[in-house]
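J.: Copied straight from TrEMBL:
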DOMAIN    4-351  domain 'Isopropylmalate dehydrogenase-like'
BINDING   76-89, 280-292  NAD(+) binding site
BINDING   96, 106, 134, 223  substrate binding site
SITE      141  site 'Important for catalysis'
SITE      191  site 'Important for catalysis'
BINDING   223, 247, 251  Mg(2+) binding site
Ligand SMILES: NC(=O)C1=CN([C@@H]2O[C@H](COP(=O)(O)OP(=O)(O)OC[C@H]3O[C@@H](n4cnc5c(N)ncnc54)[C@H](O)[C@@H]3O)[C@@H](O)[C@H]2O)C=CC1
Ligand SMILES: CC(C)CC(=O)C(=O)O
Ligand SMILES: [Mg+2]
């Protein structure tokens with residue numbers, strides 16, 4: 001197939017891991033006879049430095065006119081003092097909103113080769129396979145009013161959690177449909193004992209489940225869920241979350257798999273899908289060539305499966321990751337005694353060699 005992929009590396013380790021995932025996509029294209037046209041554009045802090053805004057119009061236009069978007073990460077200490085409306089992170093929220101990407105899928109699966117590397121007991125994490133379905137363009141990250149205001153000499157920071165019935169329904173539908181292809185269990189996460197937005201969330205999800213009698217539904221408060229993820233993660237199949245709870249719980253779920261550098265994501269909902277690792281720009285390790293590229297390479301695999309229906313090619317990348325880990329290759333974040341410590345590029349090269 002022929003397709004155009006927008007490549008938005010962004011900031012920090014985004015600039016290191018995205019080129020690696022592009023290398024893998026090129027290797028897959030060569031092996032399977034596809035023609036992918038990669039077009040790069042500026043986003044985040046790097047776009048602020050170059051153009052003065054985090055999400056330049058030409059980047060947005062490119063994303064809208066592409067068949068899929070591969071993104072790294074945005075943000076970093078350099079831009080932290082900026083007004084919120086100008087910060088790199090706004091680019092990401094703006095892009096997700098403009099592309100209508102209301103569903104963020106974050107699979108947290110344990111690669112068996114990493115079971116010993118985890119800080120959790122092997123019997124707790126063995127076999128975990130969780131899909132976090134996170135609402136991505138609503139909730140407290142977008143709700144109005146928002147801002148910092150001064151009333152009578154006193155400053156107030158304001159954010160608002162808002163969800164409409166339709167917004168809840170469409171993300172819950174994604175979770176139920178996904179569960180049907182998995183172990184048929186949805187855990188809906190909320191804080192319905194305190195928040196009205198969660199009360200509505202719980203009511204709408206409960207109602208929608210009546211159309212999915214083959215899928216088991218349970219509700220869990222987010223504080224309990226955070227604890228249960230560490231106590232007994234195997235109880236979870238699909239975790240349905242609002243924007244903020246999904247953001248937080250997916251970072252937690254990442255650690256069950258060994259590292260945040262392992263977790264990919266697909267953001268879908270309209271024509272153009274966006275694929276990115278769940279981690280940020282990792283300023284503490286950026287520029288050192290040690291970042292784990294697997295989350296981004298696995299995001300590229302999701303891109304092939306979700307946006308191009310190239311399931312076989314996506315699976316080939318997944319298998320190559322498994323083989324590479326089985327052979328003992330490890331970046332610093334997943335390194336343990338007796339395994340082979342490699343950098344970002346060496347890990348990618350090994351994955352490409354294992355593409356078969
Ligand atoms: N999607 C995005 O673009 C995101 C951007 N951010 C931004 O990134 C910046 C840093 O945020 P943090 O809270 O530090 O989160 P982070 O996810 O960038 O880093 C958290 C920790 O995980 C490690 N880590 C992250 N990716 C890794 C990888 N591929 N391999 C090995 N280790 C990795 C980092 O070294 C750090 O110790 C901030 O400006 C934040 O706003 C944060 C999260 C997501
Ligand atoms: C800008 C943030 C909302 C990004 C983030 O932490 C995420 O999407 O996981
Ligand atoms: Mg996050």
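Cβ from N, Cα, C; glycine included.
TrEMBL: automatically predicted annotations, no manual curation.
Keep in mind that what you see is a predicted model, and the values were worked out from it rather than measured.
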J.: Measure from the CA atom of residue 251 (Mg(2+) binding site) to the CA atom of residue 282 (NAD(+) binding site) and give the result in Å, rounded to a whole number.
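T.: Residue 282 (NAD(+) binding site) to residue 251 (Mg(2+) binding site), Cα-Cα distance: 13 Å.
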J.: Taking the centroid of the Cβ atoms of 223, 247, 251 (Mg(2+) site), which other same-chain residues have Cβ within 8 Å of it?
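T.: Result: 222, 226, 244, 245, 246, 248, 249, 250, 252.
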J.: Count the Cβ atoms, other than its own, that fall within 10 Å of the Cβ of residue 76 (NAD(+) binding site), considering every protein chain shown.
T.: 21
J.: Which binding-site residues among 84, 134, 247, 286 have CB under 6 Å of ligand 2?
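T.: The qualifying binding-site residues are 247.
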J.: Return the member of 106, 141, 191 nearest to residue 84 (NAD(+) binding site) in space, with distance defined Cα to Cα and candidates limited to these recorded positions.
T.: 141
J.: Rounded to the nearest Å, what's the C-alpha distance separating residue 96 (substrate binding site) and residue 191 (site 'Important for catalysis')? Just drop the number here, would you?
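T.: Residue 191 (site 'Important for catalysis') has its Cα 25 Å from the Cα of residue 96 (substrate binding site).
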J.: Pick out which of the recorded positions 96, 106, 134, 191 has the most other Cβ atoms within 10 Å of its own Cβ.
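T.: Sorting the candidates by Cβ neighbours within 10 Å, the top entry is 134.
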J.: Max Cα-Cα distance in Å among 96, 106, 134, 223, the residues listed as binding substrate?
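T.: Overall maximum Cα spacing for these binding residues reaches 27 Å.
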